[in-house]
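Colleague: Handing you this structure, nothing more for now.
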C-alpha cells in the first residue's frame, strides 16, 4: 500500500472513531439517550438483553428448565442484539490470525473482550493501528491461551456464531409467537420505531455497517491463512455479511496457524 494512501486511511479511521464516540455516546441528537442521560428503562432493557444472551435462558425456559426466568422483551430487539453479538463473537479467531496483529501492542484478549461489549468502539482503533509501519525490532508475542483456543476452535466458533446470527433473524421474525408481538408487519413497524427511538438499536445499525466494511477487509488481507483449496471460495464469500466470516473460520488452516 502506498504510504500516502495508508496515512489517509488511518486518518479516516481515527476520524470515524471520533465521530462514533461523540455522535453515539455523547451528543443528544441521535435517536435515544446519550450515555450521560441514559434512562432507567434503557438500563433495564440492556440488562434484559444481556440475560437473554444467545437466547440461552429463553430456550432453557421453553424446555422447562427455570434456574432463572428469562426477561420477556420484544423479539425484534432481542434478535438485533444477539445478531450483532454473534457476529462480534466470530471476529475473535480473525483477529488472532490477522497477519498485522503484532502492530497492535496491547492485549488482543482485552481488545476482543471489550469489543464484545462496545463493538466498534475498540475495533475501529485496531483497524487504524494495524496500518502502522511494522516495527523491525519488535519480537512477536506468543499466542495467549484465549487466542490458542479461539484459533484451534475456529470452526466451532464459526458454527456457534453463525447459528446465533441465523437464530437471531428467525427469532426477530417469529420468536415469542405466543406473546402479543404481532405478525411480520407489526414486528417491522416496531423495528422501525425501535431504531428511531433507542440509542442502542441505532448504534447497532452503525455496527452492522462497519462490520460489512471491516469483515472483507480483514479476511482479504489474511487469505493466506485459509486452506489452499478453499482460498477462491473465501475470497468471494468474504463480501457476504456474516457468512463470509463463517466461511473464513471453517476454512482456516489451523495447523498452519498453530
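Here, residue 1 is simply the first one shown, and the rest follow in order.
Note: Cβ is positioned from N, Cα and C throughout, glycine not excepted.
Keep in mind that what you see is a predicted model, and the values were worked out from it rather than measured.
OK, TrEMBL features for this one:
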- 12-30: transmembrane segment (TRANSMEM)
- 50-68: transmembrane segment (TRANSMEM)
- 80-98: transmembrane segment (TRANSMEM)
- 110-129: transmembrane segment (TRANSMEM)
- 149-174: transmembrane segment (TRANSMEM)
- 200-219: transmembrane segment (TRANSMEM)
- 231-250: transmembrane segment (TRANSMEM)
Colleague: Using Cβ atoms and a strict cutoff of less than 8 Å, what residues sit near the transmembrane segment (50-68) while being 6 or more residues removed from its termini?
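Modeller: For the transmembrane segment (50-68), the sequence-distant neighbours (Cβ-Cβ under 8 Å, at least 6 residues beyond its ends) are 78, 81-82, 85-86, 164, 167-168, 171, 175.
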Colleague: List, by number or range, the same-chain residues at least 6 past the transmembrane segment (12-30) whose CB is under 8 A from its CB atoms?
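Modeller: Beyond its ends, the transmembrane segment (12-30) has Cβ neighbours at 36-37, 120-121, 124-125, 127-128, 131, 199, 202-203, 206, 210.
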Colleague: To the transmembrane segment (149-174), which of 80-98, 110-129, 231-250 is linked by the most Cβ pairs under 8 Å?
Modeller: 80-98
Colleague: Against which stretches of its own chain does the transmembrane segment (110-129) lie, if we need a Cβ under 8 Å and a gap of at least six residues from its ends?
Modeller: 10, 13-14, 16-17, 20-21, 84-85, 88-89, 91-92, 95, 103-104, 146, 203, 206-207, 210-211, 214, 217
